[in-house]
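Asker: One structure, as structure tokens, below. Some questions next.
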There are 2 protein chains.
Amino acid sequence: MLYLIGLGLSHESDITVRGLEIVKKCSRVYLEAYTSILMAADISSLESFYGRPVILADRELVETGSDVILKNAKEEEDVAFLVVGDPFGATTHTDLVIRARELEIPVEVIHNASVMNAVGACGLQLYQFGQTISLVFFTDSWKPDSFYNKIMENRKIGLHTLILLDIKVKEQSIENMARGRLIYEPPRYMDIATACKQLIEIEELRGEQAYTENTPCVAVSRLGSPTQKFKAGTLKELSEYDSGEPLHTLVMLGRQVHDLELEYLYQFVDNKEKFKKDVEQDQEFFKPPPYVPPEENFSD
Amino acid sequence: MLYLIGLGLSHESDITVRGLEIVKKCSRVYLEAYTSILMAADISSLESFYGRPVILADRELVETGSDVILKNAKEEEDVAFLVVGDPFGATTHTDLVIRARELEIPVEVIHNASVMNAVGACGLQLYQFGQTISLVFFTDSWKPDSFYNKIMENRKIGLHTLILLDIKVKEQSIENMARGRLIYEPPRYMDIATACKQLIEIEELRGEQAYTENTPCVAVSRLGSPTQKFKAGTLKELSEYDSGEPLHTLVMLGRQVHDLELEYLYQFVDNKEKFKKDVEQDQEFFKPPPYVPPEENFSD
């Protein structure tokens, strides 16, 4: 049997009771360690919490060595594959399930919280979110902006946008890659200021006002960890915000901001009146035309 | 301290290890029991799992008696408020947090899986979902259809729609309510066939082809429970589907169906070739016009 087990967001003890019971009985335990990180735990604290060894699964192992992970899982052995958040947060894990099914290995999933639902803690209602986008680190020559149209689509219909920020773990520099040297760069996690600057840069390039530097956003830092922090402000304001340790996520507000949402966000702003004004002003973008009653016919 | 603790989707043991530790140390434990249910547990199995009494919190208590729940939580006592899924799945709980903050009661949230992220288990990618809608039980005189425009908005930009189905717990009949009799109707949970029939009914009334009876959907039944089941088919096909015990959720596909998503869905269909054709045919709706290269000027 293959168990895909979500670890939640931060602590060792964010695993579910059922998940922990399964980890303890599996013969091999893998930890997927390149699409996200647990903020208040590492592999050795997990090993001591579980009372058993944990094997780090990097991108190579998961994407090309899945048969190693799945070895003997059809009948003889139970294998646990641990994923930060929920197992269906990344396409990679869907691949692993499809491969297991091809090999007729039964699969069970133990769900957990992920940023996709826990972001509700910022006070914005989950059912008001549109499609989720990802923002990668720009380089001098590579500034992919396909997210821009998606933000535009969301905001045209009034919805909030969850913006996932780039994580670079175990990446090689181009030079080391070219020379075949297995030397890895230190991990990098995009912070809020970088994300906001990149968003403003693309708006300046495209100029279609999918958003402006005055569009209100919520910075979500270390969600679910003991040092979790929210900060609401405009893109411009947050481009100068020191968001501290990773991980971070950004939410861009849509036009449909309910009173209850706004009330909740006030606790995260510097200036309540200014923020309220910023929200009202931003609601002018993509505003549907006012209702015009059908003209009555007095012609006769 | 007020702790909002997510219980996940199904088993007593779907609570996180950290959540369980907190439940054990709190002086009062409330279970919110009207916006959802745990599928493989009830209040007495929870009490024996936690080793302590659990107080059922119905709508009246949560919406009008929040000060009873929050009593002494500022300094003397720790209070746990248990919520099926994740605590931020319903606006009700946001209200409770705002009330606690007004009373200067510290609040901590223990997140867990909810349908909003666990629905990824059907194989459709979460970042491709648009806004979430809710479908209530129609009566002869009340068929609210505000969801229709939202599905249209999602599908115009190619996105999937998560459709939450009505749950009626502790509801009074109009007659009993009028006579002031505290007699409650048996709980009702909308099944897949009813949901699909209601969707088709509204499409026939509105006729704007936000979707058709041939639009592909995924029926998600008992998500996260031991009897979890997925079934993919057209709205028409699923309107005759026997989905079994509750709870159910429906996903309507958008135009942007990736190969990996389709590959995953095939395991849930009766006829792979037919389903593939249905998906392709449905993609014709809201299809962007084909690219036309700018006309070259040969006039001179």
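Every residue gets a Cβ built from N, Cα and C, even glycine.
TrEMBL annotations: computationally assigned, not manually curated.
Below are the features listed in TrEMBL for this protein:
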- A:LEU9, A:ASP86, A:GLY89, A:SER114, A:VAL115, A:LEU165, A:LEU223, A:HIS248: S-adenosyl-L-methionine binding site (BINDING)
- A:1-238: domain 'Tetrapyrrole methylase' (DOMAIN)
- A:280-300: region 'Disordered' (REGION)
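Let's see these features in context: how buried, what's close, how far.
Answerer: According to DSSP, A:LEU9 (S-adenosyl-L-methionine binding site) is assigned to coil rather than to any helix or strand.
Non-local neighbours of the region 'Disordered' (A:280-300) in the same chain are 155-158, 209, 211-212, 214-216, 253, 255, 257; each lies 6+ residues outside the stretch with a CB under 8 Å from one of its CB atoms.
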Asker: Please identify which of A:LEU9, A:LEU165 has the densest Cβ environment, defined as other Cβ atoms within 10 Å, among these binding-site residues.
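Answerer: The largest 10 Å Cβ neighbour count belongs to A:LEU9.
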Asker: For A:HIS248 (S-adenosyl-L-methionine binding site), name the DSSP secondary structure in the helix/strand/coil scheme.
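Answerer: Looking at the DSSP assignment, A:HIS248 (S-adenosyl-L-methionine binding site) belongs to a strand.
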Asker: Could you please provide the mean pLDDT value for the domain 'Tetrapyrrole methylase' (A:1-238)?
Answerer: 93
Asker: Taking the Cβ of A:HIS248 (S-adenosyl-L-methionine binding site) as centre, how many other Cβ atoms lie within 10 Å?
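Answerer: The answer is 24.
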Asker: Under DSSP, the region 'Disordered' (A:280-300) has how many residues in helix, strand and coil?
Answerer: 3 helix, 0 strand, 18 coil
Asker: Listing the binding-site residues A:GLY89, A:SER114, A:HIS248, which lie under 8 Å (Cβ to Cβ) from chain B?
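Answerer: Sorted by position along the sequence, the hits are A:GLY89, A:SER114.
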